[in-house]
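Annotation source TrEMBL lists domain 'ABC3 transporter permease C-terminal' at 784-899. Feature annotation from TrEMBL assigns transmembrane segment to 27-48, 339-362, 383-410, 416-435, 464-484, 496-516, 549-570, 775-796, 822-846, 879-900.
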Amino acid sequence: MSVRDPGRPQVNAPWVRTRLRAAPGGALALALLVAATAFLAAALPLAVDRYGDAGLRRSMEAAGPARTTVQLYSTALSDLALPPEERAARVREEAVRDTYTKIFPLPGRSLPLDPDQSAYGVRTSRPLEVQDPWLAMPDAVPPQFHLVAQGGLAGHSRLREGRLPKAPDDVTTAATEVEAAVSAETARRLHIEVGSVLHVPAVERAPLAVRVTGIVDPRAPRDAYWSANSVLRTPYLTNVPGDPERNVFWTGALLLPPDAAPATLSTAGEPERYWLLAPDAAALHGYDLPRMTSAVASLEAGPLLQQAGTAASGVVESEAALDEVFAEYTELRSAIGPLVAVAAFGTGTVAAVVLLMAGGLTADRRRPELTLLRARGASLRGLAGRLLAETAVVAVPAAALGLAAALLALPGARPASAVAAAGAVALLACAALPLRAVAAHRAVRVHAARDDIASARPSRRRTVAELTLLVLAVGAVVALRTRGTSDGAGASGDELVSLAPVLVGMIAALVLVRLYPLPLRGLARPAGRLRGVVGPLSLARAGRASGSAVLPLLALLTALTTAAFGGSVLTGVADARERAAVLTVGADARVEAVQALPSGLAGRIGRVPGVRDVTALSVFPYAQPEGGRLAVPVAGVDPAGYAALTRHTGVGAFPADALKSSGGKDLAALASPAVADRYGTRPFLVRLDDGGIVTVRITAVRERTPAVAGEEFLVVDRSGLPGESARPTTLLVTGDPADAGALREAAGGGAQVQLRTERFAEYVDSPLQSGAERVYTAAVAAGAGFAMLSLLLTLLRAAPERAALLARLRTMGLTRAQGRRLLVLESLPQALLAAAGGTVTAWAAIRLLSSGIDLTTVAVSASASPAGRAALRTDPVSLLVPALAVVAVTVGTAAAQAWWTGRRGSVRELRAGDAR
């Protein structure tokens, strides 16, 4: 016996370093799992923030500066009691600019403003009629002009001709002449040139002469400086009020230098000081919407408006539609958010199950080691601390790496949520192994009892936990069916409702786990009477599987339910867009004009590559039935060709004989339900748009028809229309014209062309929609990947024990083919259980929850769709493909394991004393 030298110091190897050196492969696998999970968890809130911000910017861009700019103004009428000199001083540039510098910072960070596009100035609130005869007068009506003295003209325009206007230092209300510039568009349409003089009427004095010294082009015509009041850059035609002949006149703007503003006080245009506050779209964030909405409300009628009045030394009024833009965006986001939450909670649940299962499998693999430590006196606290330390050394850096990768991949979003998500992943990964080990080794024992699924009995705690989950799932389903995914534009969807599909899948998984041993026990006895050893042995092996091997069933069922649910959502959204596009266009393409189309146009369209058929129609959108107060669109069609078109599109299909008249003068008509209820089956007169009159009688009723996009219509045989009325005004094209330009070229400039594919793309109008779809797809794919990972982990966990079994059975005469069949048949029960259970559970979850989910807003970015409500429906592909993938992966892995084991020798597996 050796004796330790007392003079030599004792060396204690650190636990963590020893464990990492002993199992570097396991540590690397855990690090990869945690890093990937942390990356996905951190990327989700970052992606949601990014597409939310992009959606808000798109909403602002679509609304335009006229709706998004907050306009504050103070009319000069409130200053009439002041002396003329003081009134003039208030509208000079220096005074208006000083007020602007006080008003601009009022919203602060609550509503970021763009200083480059915000502006200030003085303008006439009413346009003034200018009767100079050389100006453009379309119907002999003189044009009208706004006088606008807006600051910053030189920096926001390029001089095309002449020079910029200047104002003398002593401009007062008595000034008789000022200089001005006009935009190039105003000059072109109203025949204004450099040097032109316009005589603007004044009050009780000679007209104000405005000399045009320059013509300018806007540097950024779509920005707020020019587009908050678009008349600055583009004149427009206006109808004469009360004129029965609907004559029109031009309305434009004359751009005065800011210091010339006092001259506007002598006119009857009711001058006003104004300040344009343009939001900085690049600095707006969707998650700040409540704060921004509050700031806009305060600017419209609140404390900020009062402070603006104090700064302006007068009564300040506000005009803004920005709150409406925010409300539209909120409505879209509130419809999309809960659906994304369903996918996020589903994938998060599967990922959490995989992390817990990884810790549980590690604890099972190290059971002898941990049992020995407990037998030698290790405490539960000390054991848990060591396991926590060795896991944290791997998991925390891996989670940090995943977080860093997510922040680099998706910059510009809030990091707080991403950090919290990655931290939750690290915490779960660190706690899984210690908690599982503490639960398994509370009592010191040398030989553990059997824990296979055929002999294990559920405890009372497990029963209580399952009943609790059942109550939560029932509550979530009831809530979702009762009120949907959100209560309105302001609702964000609560977590219980978003967890409903996950809870349904988890309850089904727990029920199947309890029922799983029953068929195995029932099949074991009859299988024993079969010839051969593979069948009975595979059933016995499946029934004696470790209890930890059932854990993947929870992940698989949850993943299958979430994947089927998500696939059905994505399919439903695509189908709703396709249906809406078909109903709007009526076919694959639509060519229409207000007047009759040229006689040879149908032939030219038919020769465009990709076009299969062309159906000619005569559409009268404002036909007036006798005795009816509302116009009803009437379409004259060729019965045979139009019936074939309805069958092709699947919209209002009908037999061609339905439009066959009975021999009288009445035309048989296909009508919408509303029109049929209004006029019944009696004959009635209809006056067409061109003055023609026909008598129709409703013989068939359909909900929709391709010829008319609305829900009210009449369809008749075109051959029964009066001569001129029978000329086609619309062509419905079927096929796949690859070149839209060729189709438009064939149609000519007098016809409007709509393509179903273009209208389909228009429905994806907001990055909120496209971003949510990408996040949803990624979440479903990640959930499926985690589920497959759980399955592979389980199969690999059992690989050593299965290899030893095959080696022992080969010594007894088992062939390689029988070994492959044994492993495949052993793994099939759980795979089939997961596939069948997941399919049924997903189908049931979709059926239960479909009534509470409306996909309309997600599909077409509006609360109403031409196709009506887009409900959630079961997608067979989303149900079957993931289930079949589970079976395929299970069988493939088992077969590969049997093949690999057959190539290796059996000596290692048959070593004496091997615990396997």
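A Cβ is built for glycine as well, from the same backbone N, Cα and C atoms used for every other residue.
The stretches the transmembrane segment (27-48) and the transmembrane segment (822-846) are not in mutual contact, being linked by fewer than three Cβ pairs under 8 Å (pairs 6 or more apart in sequence).
The stretch in 339-362, 496-516, 775-796 that contributes the largest number of Cβ pairs under 8 Å to the transmembrane segment (879-900) is 775-796. Of the candidate ranges 339-362, 496-516, 775-796, 339-362 contributes the most Cβ pairs within a distance under 8 Å of the transmembrane segment (416-435). In the predicted model, residues of the domain 'ABC3 transporter permease C-terminal' (784-899) average a pLDDT of 76.
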